[in-house]
Amino acid sequence: MNEHVSCPTPAEAPVDRPNSKKVFIKTYGCQMNVYDSVRMGDALASEGYVTTEEMGEADLVLLNTCHIREKAAEKVYSALGRLRDMKKARAAEGREFLIGVAGCVAQAEGEEIVRRAPSVDVVIGPQTYHRLPEALRKARAGKAVVDTEYAVEDKFAHLPATEKAGIRARGVTAFLTVQEGCDKFCTFCVVPYTRGSEVSRPVQQILDEAKRLTESGVREITLLGQNVNAWRAAGPNGADWGLADLLYRLAEIPGLARLRYTTSHPRDMDDRLIEAHRDLRSLMPYLHLPVQAGSDRILKAMNRRHTGAEYLRLIERIRNARPDIAMSGDFIVGFPGETDQDFEDTLKMVEEVNYASAFSFKYSTRPGTPGADLTDQVAEEIKAERLERLQALLLKQQADFAKSCIGKTIDLLLEKPGRMPGQVIGRSPWLQSVNVDAKTSQIGEIIRVRIIGTGPNSLFAEPAESLIGA
Ligand code: 5AD
Ligand code: SF4
């Protein structure tokens, strides 16, 4: 998960009418929040709001928050302090300025937010944001609205579909949430409490959204879910479909060249999903499959419900099915009770898997999770030291993987203009950013390129002979 993802320009800004109200959405946390910000922007567009990237010109500021690690709530409260001052200045001008808090901090803190930050007008949870326009209308009447119930109705069924022009404005790759919530209850994690239990979106809703995205120029869709490979729903004729079935079906959509999904749990990586990696050329050879730790003792304490050896065997099967697959993962160092030996086991696991990229974090105590009650917490400086060693190893693996790409000819999906004129940035099948000389009019095409070099966070390529997709 990346923290502080910048605002993804949620709704299109079609005609910037001088009188239209402006919303600034600040997105924290994971891709699911990025997707939710887009959908909230859509919901607000139907209320006459256009999105802005300038907080200073906004009439509504919405913080879409993340609660996965410590200090998240504190960061939100300090941002709210700054917004309170803005609100006062606006009030002096006689201009409306509304403040909303959405996402997982909203869900976890609820009323407490309004108590601590009375300038907040709306607190809305991840399951109720389809009711955001209504909440804003009520808040305008003067009283703050807190709506963090787990709504009985399906929010997606109540949200307006994204305007095609809006999709186009956002580019050729898109996220599509297919699953929310988690039933795994890893002992360190707040997700089962903030996002609730697992819910899968129905097949037809997903297919309609994927078609709409593709018809508007999207070439690559990343299916999202806190536990995406646990997605299950009724397929045609009532058949029980898992994520693999959904991927096979999505792969038939004309123009949809690339599919990805994230984030997965090792226990839900079934045979059919592995077969999908073998069979589907449009399913990109990149898999984010967090293991969190390498020691069986810690995996058990984390309630991951698999061993290190089982994880390694799984990866072997996946690699047998799709030999060019690049592995990615998440790691936590300093879970309560983690000894030097346990940490060495994590390093050993990383050596054995050889990750193309990975995220790693110091364990952060989350109130309300079982991990918070454990007494043998690891000292902060030990966590810091372990994280540094782990990250050095992961960064080296990432750099080695990038270097191993030099000389390869690959397919590149051209995504956006590069920093230099005449350059375009694309994505490799393994999710790396690649700079290549191309025309911006080619954005959306998949071209063959040869990798010729690596930079700190990206690769450099030159066009190879043939154009394979338009
Ligand atoms: N402390 C540190 N990292 C955490 N993650 C989840 N909960 C915590 C926590 N309490 C990490 C896990 C997860 C990723 C999204 O965030 O590695 O896979
Ligand atoms: Fe959290 Fe574990 Fe569920 Fe992932 S699988 S969201 S880490 S509880």
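A Cβ is built for glycine as well, from the same backbone N, Cα and C atoms used for every other residue.
TrEMBL lists CYS30, CYS66, CYS104 with the feature [4Fe-4S] cluster 1 binding site. According to TrEMBL, the feature [4Fe-4S] cluster 2 binding site maps to CYS182, CYS186, CYS189. Summarising the annotation, TrEMBL assigns domain 'MTTase N-terminal' to 21-141. Sequence annotations record features per position, and here TrEMBL assigns domain 'Radical SAM core' to 168-400. For 403-465, the entry in TrEMBL reads domain 'TRAM'.
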Summarise the domain 'TRAM' (403-465) by DSSP state, stating how many residues are helix, strand and coil.
5 helix, 36 strand, 22 coil
Tell me which binding-site residues (CYS30, CYS66, CYS104) have a Cβ under 6 A from ligand 2; sequence order is fine.
none
So which binding-site residues out of CYS66, CYS104, CYS182, CYS186, CYS189 are up against ligand 1, CB under 6 A?
CYS189
Between CYS182 ([4Fe-4S] cluster 2 binding site) and CYS104 ([4Fe-4S] cluster 1 binding site), what C-alpha distance do you get in Å?
14
Can you tell me how far the Cα of CYS186 ([4Fe-4S] cluster 2 binding site) sits from the Cα of CYS30 ([4Fe-4S] cluster 1 binding site), in Å?
18
Taking only the Cα atoms, work out how far CYS104 ([4Fe-4S] cluster 1 binding site) lies from CYS189 ([4Fe-4S] cluster 2 binding site), in Å, as a whole number.
12
Note down the number of other Cβ atoms within 10 Å of the Cβ of CYS66 ([4Fe-4S] cluster 1 binding site), including every protein chain shown.
26
Local backbone state of CYS104 ([4Fe-4S] cluster 1 binding site), from DSSP in three classes:
helix
I'm checking region-level scores; what's the whole-number mean pLDDT for the domain 'TRAM' (403-465)?
95
